[in-house]
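Sharing the feature lines straight out of TrEMBL:
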type     : residues : note
DISULFID : 207-228  : disulfide bond
DISULFID : 306-327  : disulfide bond
């Protein structure tokens with residue numbers, strides 16, 4: 001990848017290797033691939049970077065790498081402005097962080113979680129602590145000196161799992177905004193196309209179309225059949241395109257990531273109805289598990305339990321990592337038995353207990369003190 005600098009400044013991304021999942025930021029420094037920076041005969045800077053993206057999980061800490069080379073070298077550091085912005089698929093921009101000299105400011109949900117890495121001259125990298133599901137996406141690093149600027153991009157990916165979801169009211173009942181809400185209620189967000197495509201590559205096969213984060217409607221088919229398009233059509237992610245977010249109704253594809261806690265099947269001598277299940281988890285210093293939490297436990301914590309149980313939305317599910325006879329099919333997955341009458345005492349319950357011994361990591365407090373020779377605001 002080559003980025004040619006402007007006359008006075010060039011910002012060049014140094015991508016991390018494909019899978020960086022360490023918690024402390026200082027452990028990440030030793031894992032970067034070598035990046036060579038050199039000048040050609042014209043004075044332009046040629047940057048050779050390692051391809052890929054930075055990868056972490058919910059609750060983790062990650063560095064978004066960005067470095068710049070400045071010409072001439074003696075420019076006052078306090079005149080350098082560093083700005084990070086999140087860019088959505090719909091080209092909407094969200095301010096994340098800005099720094100000018102010793103002044104630093106984070107915005108919105110990033111307040112208290114983002115700071116400069118400050119690994120030396122020319123380093124515009126930022127560290128994000130306590131990663132959330134909403135942090136997933138594409139970030140722009142912009143470095144400015146007076147009227148000259150240059151930008152680069154970093155993709156932040158999360159380890160996790162995509163799962164299809166429809167509410168108790170049935171299939172194809174959700175407009176886009178309702179799909180966003182039901183995913184949030186189940187400890188998840190609407191999945192991106194990239195996340196759905198990756199899940200399809202891993203074998204996800206689902207014959208119902210669902211909303212994605214960008215407003216498109218898609219569904220993944222690994223085993224073509226007449227009921228799902230056509231049997232003679234190739235496998236792939238079927239795409240209905242961008243649909244009307246208010247008027248059209250589909251299911252949802254949700255995405256969730258690592259849990260700050262543990263999902264478990266509550267052992268009891270008798271089956272319970274839904275209300276009894278909720279109370280049983282509460283008596284065990286836990287809460288009834290959400291659908292997204294059960295999927296995360298299955299995918300990340302390898303929860304395997306051949307016993308059907310209530311979860312928060314009133315459905316009956318159970319996670320299978322190692323398929324076996326009498327456990328619902330030959331493929332691993334989270335089995336869904338639907339939404340029975342909540343009065344039935346036919347099932348157990350899956351509970352979620354949050355960790356209480358995990359200390360949160362926060363960024364240093366931002367400062368707004370102005371350098372003595374600074375006359376510009378951030």
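The backbone N, Cα and C atoms fix where each Cβ goes, and this holds for glycine too.
Please go over these features one by one and say how buried each is and what sits next to it.
Cβ contacts within 10 Å of residue 207 (disulfide bond), excluding its own Cβ and spanning all protein chains shown: 14.
Applying an 8 A CB threshold to same-chain residues 6+ apart, the list for residue 327 (disulfide bond) reads 306, 320, 335.
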For residue 228 (disulfide bond), write down the residues of its own chain that are at least 6 apart in sequence and whose Cβ falls under 8 Å from its Cβ; none is a fine answer.
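Set apart from residue 228 (disulfide bond) by at least 6 residues yet with Cβ under 8 Å, we have 207, 219, 221, 238.
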Among all the protein chains here, how many other CB atoms are within 10 A of the CB of residue 306 (disulfide bond)?
16
